[in-house]
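Peer 1: Mind having a look at this structure? Questions to follow.
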Amino acid sequence: MAAGKFASLPRNMPVNHQFPLASSMDLLSSKSPLVERRADAYQDVSIHGTLPRKKKGPPPIRSCDNFSHVGTLPHSRSPRHHSPLIQDVIQEQPLQDWKGEAFTFRDQHLLDPTLEYVKFSKERHVMDRTPERLKKELEEELLLSSEDLRSHAWYHGRIPRQVSENLMQRDGDFLVRDSLSSPGDFVLTCQWKNLPQHFKIRRTVVRLSEAYSRVQYQFEMESFDSIPGLVRCYVGNRRPISQQSGAIIFQPVNRTVPLRCLEERYGASSPDRAHEGSLTEGRPDAAKRLSLTVGGTQAREQGLPRGNLLRNKEKSGSQPACLDHMQDRRALSLKAHQSESYLPIGGKLTPQSPSVGTSPCPNSPVFRTGSEPTLSPAVVRRVSSDARPGEALRGSDSQLCPKPPPKPCKAPLLKAPPSPSIWLNSEANYCELNPALAASYDGASRLPFCAQDSYVELLTAKQNGGLGTRNSDTSYLILDDDDRTRPWKPPPAPGDTVGEDQDTFVMPLLETTSSFKPNDFESKLLPPENKPLETSMLKRAKELFTNSDPKVIAQHLLSVDCKVARILEVSEEMRKNMGVNSGLELITLPYGHQLRLDIIERHNTMAIGIAVDILGCTGSLEDRAATLNKIIQVAVELKDSMGDLYSFSAIMKALEMPQITRLEKTWTALRHQYTQTAILYEKQLKPFSKVLHEGRESTCVPPNNVSVPLLMPLVTLMEREAVTFEGTDMWEKNDESCEIMLNHLATARLMAEAADSYRMNAERILAGFQPDEEMSEVFKTEFQMRLLWGSKGAQVNQTERYEKFNQILTALSRKLEPPPVKQMEF
């Protein structure tokens, strides 16, 4: 017993019996007393209760298993005696003595003082992966020195290239990772112009003297002593990473788990595993990738130090690790993330080498997945979309690929344009419109299904179980349906007659010119050619505005808005050209670009016109206060009576311009002379406008009271460039801007669905309304453009017009109330 692990324990202990260690199942009952037996009568048994398989030849003396924390007893050469205490133990390979008698080695009623430690060792993996433990470990990393790369959440360690690309969501996102192709170097991954880009951080050693040198990091020109310093410079100064790409980084993509978890998941893997999916951070119960023990792999694993025990248990790769206790692993509810192939083990295996004495493996619920060829080539298996707990385990190609694969091409895949016959077959495919295709279509045969590049067709393919072409060379063993088996009817010839009652889909027209034509506008108030801000025209417009009731003004605004947004007075021909029944649907579609530009043009022009109405009052302070009072009353009517949130937002935008808000004397006069109006503006209109622009319109406005919804957040988001740093709205500078943007997009979907409701509300509100010709002309966009910029300036570029008029408004504001002059001290 000198070689035993417990030979030094005192023999007078009531639990000191030279039996093999018991498993946790032995705690269920303890009925019969324990009887001492000879230690050499039993074979070594793992502490997890799994009996070893018998190999050919004499049983070898093995060292402790990787999953055994205490050890096993040595073999004995003496004959084994049957123990009456050991019953109902299932053996995988029962050993035979010289007489062919089978023996068992476990006692169900056996107790051992190391049992609690065994139980702890089984649950140690679960305890190490709790969210609290991971959060604490992440906080410890982030509390390191700022010059330590691990203290920055944008550093993700050794993650594959494709995983880093999947983490990029918008332009400006970035992270830093270790280079898998050249260990020791770092790569900055970012997104710019909707394309992920990778920049290797150059690492140079500067030798200051024979005994001292330092490492510096750089992209192109300037070098830095540390990577955090480099990132701070490029983020803070908005400096392009390279002059050729022009990529700018400003939004870090932070990790949500400690680097240890990323190392365990991706550290030992090859870049090929990057195609398996994006990083599932924040899920500590995610599955470990495991595989079965094959042959003599156990001997190689024993050479690892004990300090790497967790890595041994959680080893991933096609070079498999050891699974001693499958039932314990199934208790952890491990989920398998499947890859391209799905290879069950337990059927016919590839013959092993004669030197490795293995017996046929019984049917097992364990599966192996990886990117190796299938073990059974005759069977074609389909990829499953989900995996039940404990059903599948996967491997990787960590040691099968000595060098990294070629990097994916950044150029977009060239595909054939979609066939116009698709538009003739379905009304749902007008989202990707090309006006040149209909004219060039000559009745040729339709393109293969895989060449269609429509999002609607992709969804249809997924619903039917088929997939199109992929942007990779990987074979997924999926039998795609042959396109030739699909029935297709050719479009009718030009000479064929179609019944009048038969509905035919007419391809929408892609508008390329604005509906506002200032020079072609026939006006009763403006001459054929006029200069910007003519005094006579300003006085006439102000006279009409001052002498009219606020409700009448609001009705005229609503009438013009409904025509511009194509809510009312939409002809049948216009509906066919749009492809939809309302402009509220058109602005949500890709080819509604021109209508969105027109809506933005009218909104900005209206806001500037209101600001000119206030700042153009060169008379007394009381006149400006009266004009301000009338404008606020019109805003109240638009909000409560008309339900025109579009014009309401234009008035609120004008009142919140810096050139208007700085007029302290004017606002003070408003509070003194029109106290109720000032209170109404501060307590109701401003909070209501804020709620609208935060996407909470449905919580404060009844749907049956809205005739024109809030349009500007949606059209601004859809028409803005990929990245802008100036001209953002107030809600975009909020901490919850992402959630607010999602609310606006969800509201746009509801707005398109309820287009008929808005139309009926507008018709009900404007029932019996008789517009005044002159006032209707004043509130038309063409008139306002001619009045503000003149007949020639109205044709200038929109951005240039707005910039120049912003300077004019600033000059008018300073003329009315000059800024205080700072006295110089001598």
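Each position is counted from 1, following the chain as shown.
Quick reminder: no glycine exception, Cβ is built from N, Cα and C everywhere.
Remember, it's a predicted structure, so these values are computed and weren't measured experimentally.
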Peer 1: Looking at 420-424, 745-749, 805-809, which stretch does Swiss-Prot describe as region 'Mediates the interaction with BCAR1/p130CAS'?
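Peer 2: Checked against Swiss-Prot: region 'Mediates the interaction with BCAR1/p130CAS' maps to 745-749.
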Peer 1: Give the number of CB atoms, excluding that of S182 (phosphoserine) itself, located within 10 Å of its CB.
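Peer 2: For S182 (phosphoserine), the count of other Cβ atoms within 10 Å is 12.
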Peer 1: Same-chain Cβ contacts of the region 'Mediates the interaction with BCAR1/p130CAS' (745-749) under 8 Å, 6 or more residues past its ends?
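Peer 2: Counting only partners 6 or more residues beyond its ends, the region 'Mediates the interaction with BCAR1/p130CAS' (745-749) has Cβ contacts under 8 Å with 587-588, 695, 697-698, 709-710, 714, 717.
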Peer 1: Just to confirm my parser: what is the rounded mean pLDDT across the domain 'Ras-GEF' (549-819)?
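Peer 2: Residues in the domain 'Ras-GEF' (549-819) carry a mean pLDDT of 89 in this prediction.
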